[in-house]
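Features of the protein shown, as given by TrEMBL:
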DOMAIN    304-344  domain 'UBA'
TRANSMEM  20-37  transmembrane segment
TRANSMEM  92-110  transmembrane segment
TRANSMEM  116-142  transmembrane segment
TRANSMEM  163-187  transmembrane segment
Amino acid sequence: MFTSAGCSGLYKAPLSKSLLLVPSALSILLTLLFQHYRKFFMYNLQAVKEDFQIWRLVCGRTVCLDLKDAFCSSLLIYNFRIFERRYGSRKFSSFLLGSWMLSALFDLLLVEVVQYVFGITISSLPSGFLGPLFALFVPFYCSIPRVQVTQILGHLSITNKTLVYILGLQLLTSGSYIWIVALSGLISGICYNSSVLKVHRVICIPSWVAKIFSWTLEPIFSTAEPSSEIRVGMGATVDIQRQQRMELLDRQIMLSQFAQMRRQRQQQGGMINWNRLFRPLRHRRNANYQDILQSEQDAPPPTEVSEEQVARLMEMGFSRGDALEALRASNNDLNVATNFLLQH
């Protein structure tokens, strides 16, 4: 379920938490208790075009009336919370707002195209916060590194992104005309991410609005920082359990070394020695760290990192110096460097 090893829970993702809880709760209430109010949350395009019921765009494109769609949407929001951690709540909410507005426009255009080309009249589309969710697949595909987890039958690769794509496919096949919502969402995500169109400069959340929401809603949906003492989940085999414990130990070692480096940096100044922090992660399967220290002293200097990887980390908000040091320390592993920079 996790898109990144450094993302656990909903810490530093209050907007994702609100989108996970509020629409899901409304979907359950409308299904079980308030069924006579469901008609107000239908995404009725005919009522929007003919009766100018613009409010249906808000109600019909926020809450899922199908519990299966609500469940898949919640799982996707949970996985996409990494973007709120990377870019901050304001930039993340600006993307959601922009993609929501653009996908509403593309919904209307695609329905007209289908009616003109195929003669099919579509009066309503699946309800829910689906357009922005499909739009998030664009930055997910472009900016999240692909890391192979395992292989099936020796040829089919399973990566850290496979489950998210399966959830998207499940959501895509849940209704007759949901492909229109999916297509409009993908187009809106491409448009908002485009550096040529510069939509993100036009549609964004003002800073004063972001401050108001941070003062009012963030305390409600904020999540406490996860403790480093959380018990490791038990794997299916002894090897998996051993690997999980080693990973937890590595994280604890890195955190303690990072705290020591911060104290030294405050006293002496200068950059943090990232190579010392990443050493346990790169050599987690070797129990003798003293041999590793000796071998690294005799090793040649690290290879140069690519400017593309540095640019990706800088786009996430990290400085160029930290990006260079993290990539060199992680042997040019963008995923490992990103995870560590996100945690610190």
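Positions of Cβ are set from backbone N, Cα and C atoms, glycine also.
Quick caveat, the model's predicted, so the values are computed rather than measured.
Broken down by DSSP into helix, strand and coil, the domain 'UBA' (304-344) contains 29 helix, 0 strand, 12 coil. On the 0 to 100 pLDDT scale, the model's mean across the domain 'UBA' (304-344) is 74.
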